[in-house]
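Asker: This is the structure I have questions about; it appears just below.
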Amino acid sequence: MNGVVAALEEMPPVTRFYTGACVLLTTAVHLEFVTPFHLYFNWELIIRKYQFWRLITSFCFFGSFGFSFLFNMIFTYRYCMMLEEGSFRGRRADFVYMFLFGAVLMILSGIFVQILFLGQAFTIMLVYIWSRRNPMIQMNFFGVLTFTAPYLPWVLLLFSLLLGNNAVVDFMGIACGHIYFFLEDVFPFQEHGKRFLKTPQWLVYLFDERRPEPLPEDERPGGFEWGDEQPEQEQHD
């Protein structure tokens, strides 16, 4: 038990919260506290019946316990953590903003595309963003394929097709990941480019560690006054 607690404490906070929510929700379904019919994404029920929790639960349920759940959770945990501890290290508010931006894109897409659960697409989005920010890393897929990181989302798409899954889910994740990557990592650095995804200050206030303001120079301890006067040397007889 202590080992589990220690492992949880070592997880970065956003990764711990999201993966923990996924496991808890799946456990609740397994124990029949709730059913998937109360969790899936349905825009009509959200708007007309005010079932706003579906905006969250549709991202946190990956199906019942089994190979598919384990596979998705490993990828979700791994790439969420690598992003949080990698390119988003020390920028927790930016990471949360990326979560929110991606979720909004998927919710808008889900209105027009009949997808019941958005968690797998969200995982593919995380994988896509990580892969584009780490283009030189060599990947090995089950010891069969070797390729560089940017090909990973497409390999997962092919694997999903081989398993008979709906490819629209993976395409949605790739598309949302590319939109974020383009707006954050490409367009701002082009001629006449602009950064549109600036993190709101209220998120910075809530999630980023607030560092104390440095003291004025004349109030800082230590140091030596490098002026014309030198410290008098002690006279010895």
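Glycine too: its Cβ is placed from the backbone N, Cα and C atoms.
Sharing the features that Swiss-Prot gives for it:
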TOPO_DOM  1-20  topological domain 'Cytoplasmic'
TRANSMEM  21-41  transmembrane segment
TOPO_DOM  42-54  topological domain 'Lumenal'
TRANSMEM  55-75  transmembrane segment
TOPO_DOM  76-97  topological domain 'Cytoplasmic'
TRANSMEM  98-118  transmembrane segment
TOPO_DOM  119-166  topological domain 'Lumenal'
TRANSMEM  167-187  transmembrane segment
TOPO_DOM  188-237  topological domain 'Cytoplasmic'
REGION    212-237  region 'Disordered'
COMPBIAS  212-222  compositional bias 'Basic and acidic residues'
COMPBIAS  226-237  compositional bias 'Acidic residues'
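Tell me about the surroundings of these features in the structure.
Answerer: For the transmembrane segment (21-41), the residues of the chain that approach it from at least six positions outside its boundaries are 54-55, 57-58, 60-65, 69, 73, 76, 107, 110, 115-119, judged by C-beta separation under 8 angstroms.
Helix, strand and coil residue tallies for the topological domain 'Lumenal' (42-54), in that order: 7 helix, 0 strand, 6 coil [DSSP].
Remote same-chain partners of the topological domain 'Cytoplasmic' (76-97), defined as residues 6 or more beyond its termini with a Cβ less than 8 Å from a stretch Cβ, comprise 11-15, 18-19, 22, 62, 119, 122-123, 126-127, 129-130, 133-134, 197, 199-200, 203-204, 206-209.
Mean pLDDT across the topological domain 'Lumenal' (119-166) comes to 90 in this model.
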Asker: List, by number or range, the same-chain residues at least 6 past the topological domain 'Lumenal' (42-54) whose CB is under 8 A from its CB atoms?
Answerer: 110-111
Asker: When you scan the chain for residues with a C-beta under 8 Å from the transmembrane segment (55-75), skipping those not six or more beyond its ends, what do you find?
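Answerer: For the transmembrane segment (55-75), the nonlocal Cβ contacts are 18-19, 21-23, 25-26, 29-30, 36, 38-41, 46, 103, 106-107, 110, 116-120, 122-123, 127, 156.
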